[in-house]
Amino acid sequence: MRKMLAAVSRVLSGASQKPASRVLVASRNFANDATFEIKKCDLHRLEEGPPVTTVLTREDGLKYYRMMQTVRRMELKADQLYKQKIIRGFCHLCDGQEACCVGLEAGINPTDHLITAYRAHGFTFTRGLSVREILAELTGRKGGCAKGKGGSMHMYAKNFYGGNGIVGAQVPLGAGIALACKYNGKDEVCLTLYGDGAANQGQIFGAYNMAALWKLPCIFICENNRYGMGTSVERAAASTDYYKRGDFIPGLRVDGMDILCVREATRFAAAYCRSGKGPILMELQTYRYHGHSMSDPGVSYRTREEIQEVRSKSDPIMLLKDRMVNSNLASVEELKEIDVEVRKEIEDAAQFATADPEPPLEELGYHIYSSDPPFEVRGANQWIKFKSVS
């Protein structure tokens, strides 16, 4: 009897040392998965599109929630560091658009490729880099993903080609990456992203044409967040049906605020490209909470009420949270624990990003050539290694 009481005492003692929420989560039986109805995609030159129901596992749901919260908190921390003048220069935040970067990544393979414009922090994270590397890049430190030389608009990772500062210029590059996939006989696709503000660029239509001619495995993706800088899509485009703008290229319009819609549409598009049918176009209808950049307050061309309405009715993180809680895939307490862990991760990364040293001046000329540069050509001078004065 004494042994039994001692065993019970040890169990209770161990439980008392853990947070109450963790004890409750550990003792609760959650569903392994749940089926959800999702919004039907609008189609162009397609007889059928992505499914209108999808299964979400508890494991995937928790992973997506953590990733979206991480992107959200990372962007809010970047906002804070910018206002403290620790981050300088251009800075474009993607809070509100988390379902796009996380949902797209959930629909492809790590060996697939992705290229985007300058609102790239979220994609840099979902492609596999850490918050520490991203924030350190924003602050221009040696530990940044581009050694502190790229900043907000020029981040890179394996199979992630930026972060490009010229509006629309990444789209022909994405078609070129898809050409390389086909030329090398690899079962890979390239996600080529651009915004509604870039959608009227002539180079994009040229990329459409070549991709269709050569049947390239390229998924053209227009992130339609309703505004190109401060200009609404209705004032900028004669046709706002961006998923139809490829004309001869099939397209689909997707609810970009719903991660499950984005995931299923991406899986559909990737399968289409892998089958050898050529390119496809996706329009993700999304919304950014911040202004175009940090110099844009974001309320001169739209109202605060409009922003708040989207936050209250269509927030991608809240939508996933409600689904998971209501279907017994997770508890409110468990998701709150994730929130706490994410906040700590962001704070730790921010401390590193402010304490890490800046790259010395002599590294200014590094990482330009893949091998020893041909300085003897045309009498070019050797790079002079200046000593850093910082």
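Cβ atoms here come from the backbone N, Cα and C positions, even for glycine.
The structure displayed is predicted, hence computed values, not measured ones.
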Residue in ASP196, ASP247, ASP255 which Swiss-Prot records at the Mg(2+) site where ASN225, TYR227 also bind: ASP196
Binding residues HIS92, TYR118, ARG119, ALA157, GLY165, VAL167, ASP196, GLY197, ALA198, ASN225, TYR227 (pyruvate) - maximum C-alpha distance in whole Å: 28
Residue among the recorded positions LYS63, HIS92, ARG119, LYS244, LYS313 whose Cβ has the most other Cβ atoms within 10 Å: ARG119
Most crowded position, judged by CB atoms within 10 A, among TYR227, TYR301 as recorded positions: TYR227
In sequence order, the recorded positions (ASP196, SER232, SER300) whose C-alpha falls within 10 A of ASN225 (Mg(2+) binding site): ASP196, SER232
